[in-house]
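Right, one structure below, let's go through it.
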Amino acid sequence: MPLVNPKELFQKCYGKYAIGAFNVNNMEILQGVIEAAKEERSPLILQISKGARNYAKLVYLMKLIEAAVQDAPDIPIVVHLDHGDSVELCKEVIDAGFTSVMIDGSHLPFEENVRITKEVVDYAHPRGVAVEGELGRLVGVEEHVVVSEREATYTDPDKAVEFVERTGVDSLAIAIGTSHGAYKFKGEPKLDFDRLREIAKRLPGFPLVLHGASSVLPEYVEKANQYGAKLGGAKGVPEEMIREATKMGICKVNIDTDLRLAVTATIREIFALHPEEFDPRKYLGPAREEVKKLVKHKLRNVLGSSGTI
Ligand SMILES: O=C(CO)COP(=O)(O)O
Ligand SMILES: O=C[C@H](O)COP(=O)(O)O
Ligand SMILES: [Zn+2]
Ligand SMILES: [Zn+2]
């Protein structure tokens, strides 16, 4: 089937399970993710960041995704722009065939965020493309002990309603305590589920998005460290918390760091155990296999999207 708009996927999964949005940077990661979705009979969101585009060139990534669609003809696949930082970039990728874009104005003043997000919606919707906006800031490592600090960065439920109404976005990324990367918490992991519940209550049935949703699986961190990495103190969102969030209106769960860790741990082990090896297929192949194993686990045991197509 052709690439799909995520709207229908979100309607179907709301409150029950979530769609995994996996960052794609190269062929091996893409193939690992696709093989997992095929075996699990699960829909997929493939997301491309500005960084991915700078690394691999958009034309290469789009051709790889075209190949994936051909290789997995019955899997609904969304191609999404992750953290679009300008109206121009969103328009460019819409014209290139993306079926979903994120315009991330979360660092801007509210009115400015509304303005640019609405501009993207006005361009995207007539072209059949969905738009994700973001309200609230994802902050790393620092613990939110001070209430005023939390109020300044976490998503305000009143503002979320106003933002959705005024922009017409199809989904909203919210800040409830997650952050990007491998160092999400200093102490015990904690998410503001009361806030999520409140936002979901005020926006009934409206798809919410969780960024920074990697779990930073200890097995990968330990293996990478065992073979020379320095990832001390790495900590992610426990899988149980992700499961809980998918029951509360989170329809899209963004995962990048976990893929990076799976690749890195695998390659480090091979380099350490087989120093004579110099054929990239001998370490990129196993890394791809590990990505597949990880994504199957996420789809089946964390997101709950296995067997839904
Ligand atoms: O939010 C993300 C991409 O937009 C990825 O988050 P992680 O760093 O937790 O994988
Ligand atoms: O949100 C961030 C994603 O993990 C993408 O990261 P990147 O900009 O390094 O590709
Ligand atoms: Zn953001
Ligand atoms: Zn993100």
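Each position is counted from 1, following the chain as shown.
Just so you know, glycine gets a Cβ as well, placed from its N, Cα and C.
Automatic, uncurated: that is what TrEMBL annotation is.
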Residue in His125, His211 which TrEMBL records at the Zn(2+) 1 site where His83, His180 also bind
His211
Which of Gly168, Gly181, Gly304 belongs with Gly212, Ala213, Ser214, Asn254, Ile255, Asp256, Thr257 in the dihydroxyacetone phosphate site listed by TrEMBL:
Gly181
Taking Asp256 (dihydroxyacetone phosphate binding site) as the reference, which of His83, Asp104, Glu134, His180 (the binding-site residues) have a CA within 10 A of its CA?
His180
What remains of the binding-site residues Asp104, Glu134, His180, Gly181, Asn254, Thr257 once a 10 Å Cα-Cα cut-off to Asp82 (active site, proton donor) is applied is Asp104, Asn254
Ranked by how many other Cβ atoms lie within 10 Å of their Cβ, the binding-site residues Gly181, Gly212 are led by Gly212
Tell me which residues of the chain lie with their Cβ under 8 angstroms from that of Ser214 (dihydroxyacetone phosphate binding site), as long as they are six or more apart in sequence?
Ala182, Lys184, Gly236, Val237, Ile255, Asp256, Thr257, Asp258, Leu261
Fewest other CB within 10 angstroms, which one of the binding-site residues Ala213, Ile255?
Ile255
Residue from Asp104, Glu134, Gly181, Asn254 whose C-alpha is spatially nearest that of His211 (Zn(2+) 1 binding site), among the binding-site residues:
Asn254
